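Student: Let me give you the structure first, and then I'll get to my questions.
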Amino acid sequence: MVKVGVLALQGAVREHVTCLQAPDVEVIVVKKIEQLSELDGLVLPGGESTTMRRLIDKYEFLEPLKAFAASGKPVFGTCAGLILMAKDIVGQNEGHLSLMNMTVERNAFGRQRESFEADLMVTDVGDDVRAVFIRAPLIKEVGENVEIISKFNDEIVAAREGRFLACSFHPELTDDHRFHQYFVKMVAQAKLKGVKSV
Ligand code: GLN
């Protein structure tokens, strides 16, 4: 049994909860800092990264989230969640949680392609993973420890760095739950290996 939280300050929370639900997973909607201590893994949903950051600051979540990530527990960010996880954001002086060694560009598809769907190859997840892109960011550069796990039109749209997983699209808006199952596996493995408590 693993406990996986979904940060519920803003964005597509309910959809992630649905995708994570499984007999061996307890899903927790995280609204308070204290809830982080009971989790084995955390999902940062999509939404609007600037709004999310404002709410993170308002409810003083920044340091507790950084501590959670530093404790060795897996974190999965989708879309705005990916932006929160990147060390560098094009046009900004600094990242938010700065967990993954990568540079992201917000709203990278421009107005013509505000929102669209595609089937993607994602390493260790599937050859035809349904992806919904909504004002999506792109990963423009990755550091050496970051594994690129999916590309769309030659651009990086999903990556993993150890226990950190991020994608620029919304797997939670489809019936395809394989991306979430992959994350749950990462959480179970990290739990088995034993991590420092927060
Ligand atoms: N464009 C949003 C941002 O910059 C992300 C969009 C999304 O999460 N669907 O935060």
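Numbers here mean position along the shown chain, with the first residue as 1.
Glycine too: its Cβ is placed from the backbone N, Cα and C atoms.
All annotation found in TrEMBL is predicted automatically rather than curated by experts.
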Student: For the L-glutamine site that TrEMBL assigns to Gly47, Glu48, Ser49, Ile134, Arg135, which of Arg14, Arg106, Arg163 is also named?
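Tutor: Record check against TrEMBL: L-glutamine site with Gly47, Glu48, Ser49, Ile134, Arg135, extra candidate from Arg14, Arg106, Arg163 is Arg106.
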Student: Which of these recorded positions has the least crowded Cβ, counting other Cβ atoms within 10 Å: Cys79, Ile134?
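Tutor: Checked Cys79, Ile134; of these recorded positions, fewest Cβ neighbours within 10 Å: Ile134.
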Student: Which of these recorded positions (Arg106, Arg135, Glu172) have a C-beta closer than 6 Å to some atom of ligand 1?
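Tutor: Among the recorded positions listed, those whose Cβ sits under 6 Å from ligand 1 are Arg106, Arg135.
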Student: Other than Gly47, Glu48, Ser49, Arg106, Ile134, Arg135 themselves, what residues in this chain have Cβ atoms within 8 Å of the centroid of the L-glutamine site's Cβ atoms?
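Tutor: Nearby residues not in the site list: Gly46, Cys79, Ala80, Ile83, Asn107, Ala136, Pro137.
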Student: Which whole-number value in Å describes the distance between the Cα atoms of Glu172 (active site, charge relay system) and Gly47 (L-glutamine binding site)?
Tutor: 12
